[in-house]
Amino acid sequence: MSEQRIKGIGVSEGIRFGKAFIYGAPAVEAAYPQRIEPEQVEAELERLEQAKRQSAAELKTIIAKSEAKLGKDKTAIIEGQLSFLDDPAFYGDIRSQIKRKQASAEQAVQTVLAKLSALFEKMNNAYVKERIHDVKDVADRLMSHLQQVFYPDLASITEPIILVAEDLTPSVTVQLDRSIVLGFVTRVGGETTHTAILSRSLGIPAVVGTGAAFEQLGHGDELILDGTEGVIVLNADAATRSSYEARQQEEQSAAGKLAKYRLLPAQTEDGKLIELAVNVGMPEEMREGLVDEADGVGLFRTEFLFMNADRFPDEEKQFAVYKQLAEAWQGKPIVIRTLDIGGDKELSYWDLPHEDNPFLGNRAIRLCLNERELFRTQLRAIVRASAFGTVKIMFPMISSMQEFRAAKQLTLEVMDELKGQGITFDEKLEIGIMAEVPSVIQLADRFAKEVDFFSIGTNDLVQYTLAVDRMNEKVAHLYDYFHPAVIRSIHSLIQAAHKEGKWVGMCGKMAGDPLAAPLLLGMELDEWSMDAASVTKQKFTLSRLNVQDSAKLLGDVLDLDTAEEIRQQVKAFHAARFSE
Amino acid sequence: MQTRVLTIINEEGLHLRPAQVLANAAGQFAADIYVEVADGQEANAKSVLGIIALGLEKGAEVKLSADGEDEEQAVAKLAELFEQGFGEQ
């Protein structure tokens, strides 16, 4: 077979060689007999019984493996699936379909699944409704054994693989043993999706958004994944293979050169110390040693705590997580962002009505202000955790002063309530906002009088400023933080904040981009928060920059008209300092 | 037939894990065992799916009934589980 190259978007750097593992619904043949002859009933029941035994054996292996790794909650789901295999309402009904109706085993499984789906669909309780997915998983597993086709089981992977999937959701990635995933390939997605964030923070190379070309990848195919250029090579010939091997070696030696910066403070050539923080969300992102590499957490995404669950985490559960985070960082500042869902982030157990424009809709702070009890519970948990470290609260997607005042008012109420209950917390806890909606930039001077800090979320700020849907592959090329409107927005926000003595951070992808570093240094950005994987590289970048040259570059760039011109100018500046 | 009226005390209702505990325990008895709720809906206590489909939340009242040789022991044992919150409290 001849060599094939599949192009996508490289969202996490690095080159890897490995076998493809295709994750998706099992390929079950549509064609199976619906009915059997009466004399076949016994044999059919035995065929079903065998599929059940195989399914049960697999589930037991998964339970044994995952108990230690995933904890009690996740194992409960798999144990539930195992119990369905003996459940009169599931397995009992399937048997009776074969016995009474002479249905084939496959037909019987499908009939019972359809009946249960209809029953669960009517339930009011979202948690119960959600359990139908577990029933479907078990039905799929039985079907795969009846049809003797491969069932793609994430928990069963034991050899290193390149994971290929339509898309990766948090509920899928939580099942994954990350130590054996060499890389990710997904059909959908852009730079700022869950897969991109996850892969960057774990330092696992990834290519997303391959589109239809994705179909050419088969289970077990030998792939070369190039997360730096966004390419997947299938059936690589010897020449290609050796050129990639050489590049992989280059990358490794470059990483070796950076290693000495890992534990050094972030400091410019002329001695200015920069506060370099990390963005974290999933517990897996808090790898060992991270506390010694960074100056704090500039963004703690609380939504993963909600997404990796099958119901709303209560106050105690949230408190335990925030407290552990605060203690782990030993007094270094941590900025906890309140729940940011809606838009592209949904909760499996909460049926939010469909919206035509979710990014302009009921999301983040808007949703929290509409759901006061949910918000209050989270605020109580965060404020309580402030007794154990330096905790700051940040509200996402603020677009008006009223929203900020309402959210702050609720926080103050929660503080009063806690005080009344004799619960201690940090009374000087800072309250700030994400700057990601253009109206905040316009009103920066007003906001600066009331907030304690700003943190610029470049991902959304770019999308809202330039009116570009970052998920739409057709217009994704228009999405660029070097656009002069974005550069000016960031610059004017920092100036307005500094005038009132307030600090400004940045927690979007731009903060970790070496090309953007001189501009951000020139603007005197106070806190830079990025994926854990970018920290060492950005320390190295800063060590080669100085304030004076960076301020001059910024001045020049502010005179330019297009993103293209700005990129060129910044690249030339960069090349002059990082040529070797 | 033996029956007993019981109340759910589990904070999060009868979700997957307590339902499993109940169904496993019910499965140890020969008697037919049912859980019935106020509106007449009922489920086989030996079926996890049947139990969770009742969507029982904290404070809900149910009627537990057992019919068969070991019905007395069954109701006594299962009532104890309800009262102890199925090992979650």
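Positions of Cβ are set from backbone N, Cα and C atoms, glycine also.
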Where TrEMBL shows A:Arg301, A:Asn459, A:Asp460, A:Arg470 binding phosphoenolpyruvate, which of A:Arg262, A:Arg337, A:Arg405 is named for the same site? A:Arg337
Where A:Glu436 (Mg(2+) binding site) and A:Arg470 (phosphoenolpyruvate binding site) are concerned, what is their Cα separation in Å, rounded? 14
Candidate with sparsest Cβ neighbourhood (10 Å radius) among A:Glu436, A:Asp460, the listed binding-site residues: A:Asp460
What is the interatomic distance between the Cα atoms of A:Arg337 (phosphoenolpyruvate binding site) and A:Cys507 (active site, proton donor), given in whole Å? 11
How long is the line from the C-alpha of A:Asn459 (phosphoenolpyruvate binding site) to the C-alpha of A:Cys507 (active site, proton donor), rounded to the nearest angstrom? 9
State the count of C-beta atoms found within 10 angstroms of the C-beta of A:Arg337 (phosphoenolpyruvate binding site), not counting that atom itself. 27
Cα distance (Å, whole number) from A:Cys507 (active site, proton donor) to A:Arg470 (phosphoenolpyruvate binding site): 17
Structural state of A:Arg337 (phosphoenolpyruvate binding site), classified by DSSP into three states: strand
Can you grab the distance from A:Asp460 (phosphoenolpyruvate binding site) over to A:Cys507 (active site, proton donor)? Cα atoms, rounded to a whole Å. 11
